[in-house]
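Below is one structure; the comments refer to it alone.
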Amino acid sequence: MRQDIASSASPGKSAAVAFTVASQLVGAVFLYLILKADGGLQIVGLLALLGLGFFILEKQPWIAEQAMASFARVPLVSMITAGIIVVGFPFIVGSNTYILHLLIVAQLYAVLALALNFQLGSANIPNFATGASYGIGAYVSALLAINFGLSFWLTLPVAALAATLFGFIIGIPSMRTRDTYLALVTIAFGVVVQQLLNNFEWTGGPNGLVGIPAPSLFGHSFADPLVVFGWRLPSQANFYYLSAALVVVAIITAHRLHSSRIGLAWNALRADEIAAKAQGINVAWYKVLAFAVDAFLAAFAGTIYAFYVSYISPDNFTFLVSVTIMTMVIVGGMDNIFGVIVGAFLLTILPEKLRAFSDYRLLFFGVVIIGFLMIRPQGLFPQRMRRYGGE
Amino acid sequence: MSTLLKVENVTIQFGGLVALNDVSFSIEKGSVLAVIGPNGAGKSTLFNVVTGVYKPTSGRVTFDGTEITGRPSYEVVERGIARTFQSSRLFSDLSVLDNVIIGMHTRTRTGVLTALFRPGVARREMDECVRKAESLLKLGSGDLFEQRYRPAGTLAQADRRRLEIARALASQPKLLLLDEPSVGMDETETDALVSDIIRLRKENPDLSVILIEHDMRVVDAFPQHVMCIDYGSRIAEGDYATVRADPRVQEAYLGKAAVHA
């Protein structure tokens, strides 16, 4: 009966256009302000504003309904607006390489969080090995590039396939264990991978791999500044656009799987495994599949990371990385693509911006996370019901 | 008429407990079998053996000419056996409509590659599922269709039972196993349930149904073939009047003293 109210009050076209454009601009401005913010007071002020926004969203659920209806009404307008904002952002940031760096890392984490979301969000499989898949992607592509001179674009699919294989391997014990025990198995896998990277000679041991060559595209090296119509952007802009493209790929992947029978099957086994089996779902296969898809996307992020920083070591892919990714999914909102991305951005940018609190940085970070989870217990943007047809 | 499901000498033990002891029965295509018996007699265990949840210690289950003893659940569903659960097991955080669409899992084909690289094909299949699911929801008693975007967990008890049946039917079964479908329904709702089943059989003359029931109102509506189980053994089989009159059945339900009093 609720959808009747929603559809009768569904926004007009021009209102929807105004709303989608305005809300995305507000989001972009907020992101810009928080990236630019300097000093504790500004950060606290912005966080308070964000908290207030989510508090209102929690108390007035119709706002979210209306927002979703607006975006659904004019999907093309919202996508074009988002595209313009993403493409234009580096021009506004200008030569500030630190902000660009933060954005690249945030985007890579958004991909990792979207990858984990297939498992944690859709299927409720606690996987603490996403960091390991990320590392495998990074190492495989770096080794191929350093030892065999393979180009970035070739290492990308190879690294993804290698990590997918790893995903299948950790997926197999998932057929036999579940919940807490499965979490332990994945923690073990993650630690083992990190230890192996640390101890093998051919991975460079604790020193890692140095001198990963910058990728190039149509003769343009990613180490060079990007010049567009006379605008000169720092070399980080290359990787900014590359990781933005990967985020788009991840969103499309997530969206297509979520709205197909595969996403439904994952949701089914999350809700009730026995009932899922009784609907003819091969539960074991779908669990392994979730591991494989997770590892595949994580490896893409790993590859871009390796070529971006040109130096990787086992310390980049610790258990802590996996926990961070998991927190992003939980804080952002399980099984909500947009929420997961917001979670990834927030949790990447926040610890950097809290440096003003020096020694109390992590304490404050923890308090902020707990604060947001108290305001929005289901995550910043919780899971939504699927809608079908042109409603 | 030909035999659809044949259960031969099935025994299942959990440690020292014999949950089913040498049970045999069969059901014809297009007929209804009602299974009755006291709580804990092994009726639900019987469903679990047929649907591949449990592997029997000994004995054979044959469905539609193929042996399915101990085959995995997903294969059994694919072959055409659908079931509902005694304590309704809906996907409570998903919508009513999604619950039914998930029931079509074995009748749809989209895999990861199709979903990713041929989104048009995947979407058409999903649209078809939505259409079928909506017509299934319109079919039964109650107003499930109007509630199709509600989370299944928020439905009233009678609607939950109806949704379980709709979800089971979504897999286009040849054999439908209903585990106490009338639990939590009042008399009007139970009557509606009975007419739902009757109408279903009229529309699909080949559909066979096995009902586990405590409500004799329902059993009375399908009196041709009734089986009574007690302590894991089949103690009586025949039409409702015969089974009801059987002294062992009365003993099982009322106790020895009451029957001989």
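The first residue you see is number 1, and the count goes up from there.
Glycine residues also receive a Cβ, built from the backbone N, Cα and C atoms like all the rest.
Remember, TrEMBL labels are computer predictions, not curated facts.
Positions annotated as transmembrane segment by TrEMBL: A:12-35 (among others).
Here TrEMBL flags A:41-58 (among others) as transmembrane segment. Listed by sequence, the residues of this chain that lie at least six past the ends of the transmembrane segment (A:41-58) yet keep a Cβ under 8 A from its Cβ atoms are 30, 33-34, 64, 353-354, 356, 368, 371-372, 375-376, 380.
Annotation comment: TrEMBL describes A:70-92 (among others) as transmembrane segment.
For A:98-116 (among others), the entry in TrEMBL reads transmembrane segment.
Proximity of distant same-chain residues to the transmembrane segment (A:128-146), defined by a Cβ-Cβ separation under 8 Å and at least 6 residues beyond the stretch ends, is recorded for 112, 115-116, 152, 154-156, 158-160, 162-163, 166-167, 170, 183, 186-187, 189-190, 193-194, 197, 202-203, 209, 211-213, 294-295, 298-303, 305-307, 312, 314, 316-323, 325-326. Per TrEMBL, transmembrane segment is recorded for A:128-146 (among others).
Cβ atoms under 8 Å from those of the transmembrane segment (A:152-173) belong to residues 127, 129, 132-133, 136-138, 140-142, 144-145, 182, 185-186, 189, 193, 215-217, 287-300, 302-303, 307 of the same chain, restricted to positions at least 6 beyond its ends. Taken from TrEMBL, the feature transmembrane segment covers A:152-173 (among others).
Here TrEMBL flags A:180-197 (among others) as transmembrane segment. Sequence-distant contacts of the transmembrane segment (A:180-197), counting only residues of its own chain at least 6 positions beyond either end whose CB sits under 8 Å from a CB of the stretch, comprise 125-129, 131-132, 135-136, 139, 166, 170, 173-174, 203, 314, 317-319, 322.
According to TrEMBL, the feature transmembrane segment maps to A:239-257 (among others).
The list of residues near the transmembrane segment (A:288-311) in space but at least 6 beyond its ends in sequence, with Cβ under 8 angstroms from a Cβ of it, reads 104, 108-109, 111-112, 114-116, 118-119, 122-123, 125, 127, 130, 133-142, 145, 152, 155-156, 159-160, 162-164, 166-168, 170-172, 174-175, 208-215, 222, 239, 242-243, 246, 249-250, 253, 257, 262, 266, 317. Taken from TrEMBL, the feature transmembrane segment covers A:288-311 (among others).
Distant neighbours of the transmembrane segment (A:317-350): 31, 34-35, 102, 105-106, 109-110, 112-114, 116-117, 120-122, 124, 126-132, 134-135, 138, 187, 190-191, 193-194, 197, 247, 251, 254-255, 258, 267, 302, 365, 368-369, 372-373, 376, 378-384; these residues of the same chain sit at least 6 beyond its ends, with a Cβ under 8 Å from one of its Cβ atoms. Residues annotated as transmembrane segment in TrEMBL: A:317-350 (among others).
Cβ atoms under 8 Å from those of the transmembrane segment (A:362-381) belong to residues 47, 51, 54-55, 57-58, 64, 327, 330-334, 336, 338-339, 342-343, 346-347, 350-351, 354 of the same chain, restricted to positions at least 6 beyond its ends. Per TrEMBL, the feature transmembrane segment maps to A:362-381 (among others).
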Margin query: Checking distant contacts: for the transmembrane segment (A:70-92), what same-chain residues at least six beyond its ends satisfy Cβ-Cβ under 8 A?
Written below: 10-11, 13, 15-17, 19-21, 24-25, 28, 32, 100, 103, 231, 233, 237, 240-241, 244, 387
